[in-house]
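Trainee: Just passing along the structure, written as structure tokens.
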Amino acid sequence: MYKLFFQLVFKRMDPEKAHYLAFRWIRLAARTPVLRTLVAAVLAPRHKELRTEALGLRMHGPFGLAAGFDKNAIAIDGMAMLGFDHVEIGTVTGEAQPGNPKKRLFRLVPDRALINRMGFNNEGSAAVAARLHARVPVFRTVVGVNIGKTKVVEEADAAADYVKSTERLAAHADYLVVNVSSPNTPGLRNLQATESLRPLLTAVREAADRTVTDRRVPLLVKIAPDLADEDVDAVADLAVELGLDGIIATNTTIAREGLGLGSAPALVQETGGLSGAPLKERSLEVLRRLYARVGDRIVLVGVGGIENAEDAWQRILAGATLIQGYSAFIYEGPFYARAIHRGLAARLAASPYATLAEAVGADHRKATTR
Ligand SMILES: Cc1cc2nc3c(=O)[nH]c(=O)nc-3n(C[C@H](O)[C@H](O)[C@H](O)COP(=O)(O)O)c2cc1C
């Protein structure tokens, strides 16, 4: 049904316009009491066995909405209504900015992929903080806040920009993510080098602790799939050393591997980050590498090309406690989260593991005890 609708309506529209249209419907439904209760009953049924505790937070399940969909925190309840167990808003930058010129979002339908060069279009940390402050939650959901660098801020001054966002947003964040991995802000990904990352993460940690004194806000870093393997190891070691709470793997890729199902060559050549199905293999590989390095000392969040329950289950076995999706939501539609929950519950029931937590990293344990 959604697939037919996608073919007839969304596919003919400019992808960014389709995004805002869908967004409007979701927000409208979430504001209408009877409708939102009905939609949530159908799309977000609870599976007790999927209850997840991570980052010191209790969630209905492990599957959340990846950053970038709700940059300005305007549809948290709408996304919870659709069954996402946590919603990561952002990326929010220190200052408001318009992002890159349009067109900046492209659908590679045959490859079930997207290319985007949005460039952190967002209302800025002050406006988003005010919105989160005023929010009266309808659905109880975990809200992650993903922060990044304002484009005009020099790389050398990046830490101050992240600190500004942290001071404004940390109080409203169930967890905070330092995004150093989007390919669409010049120089941003250089911040993944440990000599830049160490002072940045330390400054954000200190700012969060200064601002929020009644609890410890969990801090995560989000990394690119394009890091060399030894750089993935270096970030993992640094995260452990600094007492970080988690690593999100991965952001979009600048590589163009894994395509070839017939997307137009002109589209494939668009500049930006590739997400969706072609990213699956590398994101999984990075996750496996991270788990081999950090085990369960740090929460790993698996994201990149998760299209269905089997993909989600594979990430859990590979070491992810939490999982996220974005691109497949565009292709699969409103039943995306429900299908993942159902399939995960079925896989868990058929597995030798009593809980999801027991399944986390099982692949690695099997490989090392062989
Ligand atoms: C249009 C679009 C915008 C995105 N914006 C952000 C962003 O602002 N911050 C961020 O950390 N990740 C952003 N992402 C990356 C996603 O959060 C996710 O890491 C990536 O798309 C891989 O997951 P997927 O294959 O399920 O889409 C964006 C992705 C897309 C497709």
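Positions of Cβ are set from backbone N, Cα and C atoms, glycine also.
Keep in mind that this is a model prediction, so the values were computed, not measured.
What TrEMBL records for SER182 is active site, nucleophile. Residues or ranges marked as FMN binding site by TrEMBL: ALA67, GLY68, PHE69, ASP70, LYS71, THR91, ASN146, ASN179, LYS222, THR250, GLY276, GLY305, TYR326, SER327. Residues or ranges marked as substrate binding site in TrEMBL: LYS71, ASN116, ARG117, MET118, GLY119, PHE120, ASN179, ASN184, ASN251, THR252. What TrEMBL lists as domain 'Dihydroorotate dehydrogenase catalytic' is 50-348.
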Trainee: For a quick check of packing: other C-beta atoms within 10 Å of the C-beta of GLY119 (substrate binding site), how many?
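Mentor: Taking all protein chains shown, GLY119 (substrate binding site) has 21 Cβ neighbours within 10 Å.
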Trainee: Between the recorded positions ARG117, SER182, ASN251, where is the Cβ count within 10 Å the lowest?
Mentor: ARG117
Trainee: Using the recorded substrate site (LYS71, ASN116, ARG117, MET118, GLY119, PHE120, ASN179, ASN184, ASN251, THR252) as reference, state which further residues of the same chain have their Cβ within 8 Å of the centre of those residues' Cβ atoms, listed in sequence order.
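Mentor: Neighbours within 8 Å of the Cβ centroid, excluding LYS71, ASN116, ARG117, MET118, GLY119, PHE120, ASN179, ASN184, ASN251, THR252: GLY68, THR91, GLY99, SER182, PRO183, THR185, GLY272, GLY273.
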Trainee: Which binding-site residues from the set PHE69, LYS71, GLY276, TYR326 come within 10 angstroms of ASN179 (substrate binding site), judged by C-alpha positions?
Mentor: none
Trainee: Filtering PHE69, ARG117, GLY119 (binding-site residues) by proximity to ligand 1: which pass a Cβ cutoff of under 6 Å to any of its atoms?
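Mentor: Close enough to ligand 1 is none of the binding-site residues.
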Trainee: Of LYS71, LYS222, which of the binding-site residues has the most Cβ neighbours inside 10 Å?
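Mentor: That would be LYS222, with the most Cβ atoms nearby.
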Trainee: From the recorded positions ARG117, GLY119, SER182, pick the residue whose C-alpha lies nearest to the C-alpha of LYS71 (FMN binding site).
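Mentor: Its closest listed neighbour, by Cα, is GLY119.
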Trainee: Please identify, among the binding-site residues PHE69, ASN146, LYS222, ASN251, TYR326, the one with the smallest Cα-Cα distance to SER182 (active site, nucleophile).
Mentor: ASN251
Trainee: Going by C-alpha distance, which of the binding-site residues ARG117, GLY119, ASN251 is nearest to ALA67 (FMN binding site)?
Mentor: ASN251
Trainee: Just give me the nearest neighbour of ASN146 (FMN binding site) among the binding-site residues ARG117, GLY119, ASN251, Cα to Cα.
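Mentor: That would be ASN251, nearest by Cα distance.
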Trainee: Checking the contact step here: among the binding-site residues ARG117, GLY119, ASN251, which have a Cα within 10 Å of the Cα of LYS222 (FMN binding site)?
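Mentor: So far as Cα distances go, the binding-site residues lying within 10 Å of LYS222 (FMN binding site) are ASN251.
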Trainee: Mind giving me a neighbour count for GLY276 (FMN binding site)? Other Cβ atoms within 10 Å of its Cβ, every protein chain shown.
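Mentor: So the number of other Cβ atoms within 10 Å of GLY276 (FMN binding site) is 26.
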